[in-house]
Structure formats: C-alpha cells, structure tokens
C-alpha cells in the first residue's frame, strides 16, 4: 500500500509534516474587500489581521478548488499511490467535505476515503500525523480508517470568542443568532458538536469566569483517558498564557501544545478568540 494524505490549509502541521512527501494540502481562499488571498502565498497572518482591521466588511472564505483536488488525485495515481485519505475542515462548517465524495468514482484506480474530521486546526493536524504514522507502522487501510474514526469520535474543541458577529454572519454558528444583542452581559462558550457544527455550549457572565469554566470542562473531558491538549488562539497571547496558567494551577501536568489559528479559521472566529482542542492518544 502506498498511501497519500490530503488535507487543507486549516490543519496545523509541524514543519516536518509540511515537508513530508506523502502529505498534500489544498489552500482555502480568504476574500477581503473582493481581493482573494491565500495564507502563506500572498498573505501573512499579520497582514490578515491588519487587512481585517482596515476593512469595513468582515472577511469571507471559499472552499478549496474541486478541480485542484481532482487533478491532484490524477497526479497521485500517476505516481503510484494506491490509497488516499482526505481530512478536511469539519463538514458542519464547510460544504467541501460533502462536495468531494463523488471523486472516488472518478478515480477507481485509487482506494480512497474522505471521512468527516468534524474539527480543524491542531486536532485536524493530529489526525493527519496519526494516519501517516499508522500507515508506516504497517497497518491496513481499513484498520487505519477504524482507528481514525475512533479519534474523530473522541476529538473536540471548546472556544471563546470576543465577537460572535464573525460566526453568525458567516453562517458558521448554528444556534447563536439570538445572542448577538446580549454580548455585554454574557460570554458564551462554544464547542464543535458531534456533527462538526459550532454551537453554543454554555453562557457565562464574564470572561474570567468563562476561562475558569474552560479549564473545568477540559479536566472533566480528560479524566477518563490519555489525551493531547492544544491551546489555540487568534492573536490572543495574553489569554493563551492565562489559560495555560489556570490549567497548570488546576493540577494538569502534561505538555500543552500552543498554536495559532490560521487566517481561514480566524476569519470565522475573529481576533481575540481562545480555544482548547482535545485529541485522544491512540
């Protein structure tokens, strides 16, 4: 079996994985004032925040190119790849996952699977890494898919944002529109649910209480097993430091990965968002 893993630019990957020849990534465009940008090509993350601050309109995103994925699958076939696993931004907040399922019929020479990751960022990157590791350990394609599904089912993320407008106006928050007029008195905690949708999980009165509640939720989640934890933020280093300190003060003794949301996810969450991702160790 020669396996390729395809993901998108919302997945947080360490440098060694970005350079791995078996991993391929599709860029997701960010549109600001009718100009199209691709992070890492013609847009740095600092440029993104500056352009977002300067614009009177909220930025938008589009889906990766279907034709680019179709062409990539053809290229992989010509290079002798026999199997492909595609892991992309959660189907609950992007239509891309639903739109690509037909491609398996277009390339019958490759055995492929596009499971819904139901997540993004660091947890998505963890899935990509694990799939590659399992393949190189000699696991069969079906065994990899079974283990991957277990990881998907036990992975989640909880989020606190400064401004719900980005999520609601972008159509990425399933049950948040009723909160828009009430943000002065509450600080909602959001989560990725079982369908990969971002939903309101709890309403907390202040940011400090919400941060403490995030730690309580995390400790409850990891009580029944071994998990990798990541703190993820969009230009909110002070909040990330505070959340890490609260975690350590609560008795959490494991390594905590800290990463930044890329431009695509920051488009939907806005500046100042803080989150933690939880992924099982399998």
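In case you wondered, yes, glycine gets a Cβ from its N, Cα and C as well.
Listed features, source Swiss-Prot:
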type	residues	note
BINDING	61, 94	hexadecanoate binding site
DOMAIN	3-280	domain 'DegV'
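Of the listed binding-site residues 61, 94, the Cβ environment within 10 Å is emptiest of other Cβ atoms at 61.
Averaged across the domain 'DegV' (3-280), pLDDT for the predicted model comes to 92.
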